[in-house]
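**Student:** Checked TrEMBL, it gives:
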type     : residues : note
TRANSMEM : 60-79    : transmembrane segment
TRANSMEM : 85-108   : transmembrane segment
TRANSMEM : 115-132  : transmembrane segment
TRANSMEM : 159-177  : transmembrane segment
TRANSMEM : 184-206  : transmembrane segment
TRANSMEM : 212-233  : transmembrane segment
TRANSMEM : 254-278  : transmembrane segment
TRANSMEM : 326-348  : transmembrane segment
Amino acid sequence: GTATRSKVIHNFVIRPSADGMSDTESKVDSGVPEVPVPPDDTPEVLNKALSGLSSRWKNWWVRGILTLAMISFFFFIIYLGPMVLMMIVLCVQIKCFQEIITIGYSVYHSYHLPWFRTLSWYFLLCVNYFFYGETVTDYFFTLVQREEPLRILSKYHRFISFALYLTGFCMFVLSLVKKHYRLQFYMFGWTHVTLLIVVTQSHLIIHNLFEGMIWFIVPISCVICNDIMAYMFGFFFGRTPLIKLSPKKTWEGFIGGFFSTIVFGIMLSYVMAGYRYFVCPVEFNNDSNSFQVDCEPSDLFQLQDYALPSIMESVTGWTTVHLYPFQIHSIALSSFASIVGPFGGFFASGFKRAFKIKDFANTIPGHGGIMDRFDCQYLMATFVNVYIASFIRGPNPSKVIQQLLALRADQQLHIFNSLKLVNYCYISIINNL
């Protein structure tokens, strides 16, 4: 009868498949080649030690142990200093790029697209040459001007970068094969979107680091804290699904992660703001040819008294609180890390579901690939860079001096005379008053 036909139609249309997608979704995505599932690479020692546990609790312990190991490694590289941090950022960038490009190659390798991987890595080299060249010119200006080869490379840096990219572009056009035009342009777009997401964001992370290690450590730590606490709250209290793209994410985990991250961000900022090593901009010392982190901390890192609103005063009994201004900014960083940051993870989840894969790779047991750990970090890096440019950074005298030193002698003399005239006018005005 009608009821039987409705039941059959209902089961056909919305019956979920094994991977969490409905049959309709599976049929729509059936044209997408599947990526081979990597084998479980959990260390044998952990497998034996946790063999008596259920898969849920085994995964919990594996993730926990590896998380502690990664946090310890993070502390270690912070101790090694800013140069090592920059090298680690570059290594992470290359690994994330490799994981995403490998997925593309695994999906389409049967088509034998000519030069796909070669061109992908070539474009990575070109983009890194451009961004790191800009960074060297900005932050190592005196060193660049001192060495003749570097000065020439700096002067024509953008032209060289464009020529390198143009070479890759021509190579791509020459590699086009008649029967694979559409697929090759898909992969061309794949490579460039990957470069936009991975390389550009890692470049912004390094720029944040030059503003002071606190602008590097606090945002990254907030994302890590939110990831851990959202997982903990979701594991123990999660009942309400948050988003279909990530079925294991829950509202309980999302809300618990938010409040935990806010508190963590304020506390971490208070501890770090008292040390010059963390708050001073990272600068290159031309005399010692090394990085130095030493300065007179700005007002942002000086303790100040803030009057509490009457409501909070009645609850706490305090009229004022002693805070670093940076702690107030840390609330904005923590809020972004816990509210908007997870959407980087949701984006990555949608990408993985599109290709029916669980993780980008199996580099870290229980966590997946490096990209699985940094999907939220890249979004956070962009926000921090924009936040600093909008609300923190003011005019930089050293940049003005760099521009002056790059001018010809007659141009420098012209600016000197102009400033001298302006100064004379100001003195005349003051005397008349």
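Heads up, the Cβ atoms here are built off N, Cα and C, so glycines get one too.
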**Student:** Of the listed stretches (159-177, 184-206, 254-278), which one yields the highest count of Cβ-Cβ distances below 8 Å with the transmembrane segment (326-348)?
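**Tutor:** The stretch with the most close Cβ contacts to the transmembrane segment (326-348) is 254-278.
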**Student:** At a threshold of under 8 Å on Cβ distances, which of 85-108, 159-177, 254-278 pairs most often with the transmembrane segment (184-206)?
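**Tutor:** Looking at each of 85-108, 159-177, 254-278 in turn, the most contacts to the transmembrane segment (184-206) are made by 85-108.
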**Student:** Do any residues of this chain, six or more beyond the ends of the transmembrane segment (60-79), have a C-beta under 8 angstroms from a C-beta of it, and if so which?
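**Tutor:** For the transmembrane segment (60-79), the far contacts come to 42, 46, 50, 53, 85, 88, 213, 217, 220, 224, 228, 231, 235, 364-367, 373.
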